[in-house]
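Asks: Below is the structure I would like to discuss, written out as structure tokens.
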Amino acid sequence: MWKPIFADLETNKNLNGNNCSSSVSTFILLGFPYTWEIQILLFSVFFGTYISTLIGNLCIICAIRWDYRLQTPMYILLANFSFLEICYINSTVPSMLANFLSESSTISFSGCFLQFYFFFSMGTTETFFLSVMAFDRYLAICKPLHYPTIMTVQNCCRMGTGCWACGFLCFLLPIYLASQLPFCCANKIDHFLCDPGPLIKLSCEPAPGTEIICAIYNSVLIFSTFLFITSSYTLVIKAVLRVPSAEGQRKAFSTCGSHLAVVSLFYGSIMVVYVSPTAGNPAGMQNIVTLFYSMLTPLFNPLLYSLPNKEMKEALRKLFSSVRFRQNHGKGF
């Protein structure tokens, strides 16, 4: 084997059992235990996905920032969402890429829990942003006369700030419970990031209480926001079906369809892993599903939001034309 981490590295084990004399100071992320050639192939694919995600979401932010016609609550929320996706993918992917090229895929105890906190806080923030974006579409289509007074730019900024604040405050309890568990023997995490499920399994003592609390917390958070989003879009679809104009229906469905596609991708994957107790999912399945919502959904989101949207496509076209003009203008000097 290329990496020494696949040897059975359990130190400080006494003859009577699995108790160790010292606590764990570092964790080993097993990640994707493949041959060196496949590791390089995966690194190339994930690196390309990572760069494409950064560029796609940055283009959306720049287009909304520089096109005054897009200075509306809907697009302000979208710019915040794109910035969130950039932070989201940066919380795990750079370290995962580095581990592909490293002989010892280790992470410190504090670094592990910091990654744990930021990754899941931003995932929680995403559920709140998707809820606010669904509420925005509900008001725009179902309450068009009240929309300008309710969804002002100021209120939109307040809602966005609330999403960020609640997202980073809500996950304090799970991170606290997990950090209080004793880790004194095994330190190999069968994952490419510090996920609560594999972390809880490494505890020296059984922690069914912590595991159940985390499962209940995840279920309440996921299902409450998902129910709010689906209820909002159910009302939107009913309102759209009452529109007499076929063109009006098409425009409304194209806008809401991209939102629903993002919601389906994100919630469909996280429900597989985090709704059920952590002991129920195989490690390989967790890796694949986590990879899907942590890397692929941030990649798809710019495409889903920009391609069906005529205004966004026009803003992106102007942005690219401006960049090309500046490049050619600079070469002239």
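Each residue, glycine too, has its Cβ placed from N, Cα and C.
Per TrEMBL, domain 'G-protein coupled receptors family 1 profile' is recorded for 56-305. What TrEMBL records for 40-63, 75-93, 113-135, 156-177, 215-241, 253-276, 288-307 is transmembrane segment.
Relative to the rest of the structure, where do these features sit?
Replies: Looking just at the domain 'G-protein coupled receptors family 1 profile' (56-305), the mean pLDDT is 85.
Residues 74, 77-78, 80-81, 84-85, 87-88, 91-92, 95, 107, 159-160, 162-164, 166-168, 170-171, 174-175, 178-179, 193-196, 199, 221-222, 225-226, 228-229, 232-233, 259, 262-263, 266, 270, 293-294 of the same chain sit 6 or more residues outside the transmembrane segment (113-135) yet have a Cβ under 8 Å from a Cβ within it.
Residues of the same chain lying 6 or more positions beyond the ends of the transmembrane segment (156-177) and with a Cβ under 8 Å from any Cβ of it are 73, 76-77, 80, 113, 116-117, 120-122, 124-129, 132, 136, 196, 210, 213-214, 217, 221.
Remote same-chain residues near the transmembrane segment (253-276) are listed as 123, 126-127, 130, 133-134, 137, 141, 197, 215, 218-219, 222-223, 226, 229, 233, 236-237, 240, 285-286, 289-290, 292-293, 296-297, 300-301, 304-305, 307-309 (criterion: CB distance under 8 Å, separation of at least six residues from the stretch ends).
Sequence-distant contacts of the transmembrane segment (288-307) (same chain, six or more residues past either end, CB-CB distance under 8 Å): 46, 49-50, 52-53, 56-57, 59-60, 78, 81-82, 85-86, 88-89, 92-93, 119, 123, 191-193, 195, 258, 261-262, 265-266, 269-270, 272-273, 313, 316.
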Asks: Using Cβ atoms and a strict cutoff of less than 8 Å, what residues sit near the transmembrane segment (40-63) while being 6 or more residues removed from its termini?
Replies: 32, 34, 70, 78-79, 82-83, 85-86, 89, 93-94, 96-97, 100-101, 295-296, 298-299, 301-303, 305-306, 312, 315-316, 318-319
Asks: Same-chain Cβ contacts of the transmembrane segment (75-93) under 8 Å, 6 or more residues past its ends?
Replies: 46, 50, 53-54, 57-58, 60-61, 64-65, 115, 118-119, 122-123, 125-126, 129-130, 132-133, 136, 153, 156-157, 159-160, 163, 192-193, 294-295, 298, 301-302, 305, 312
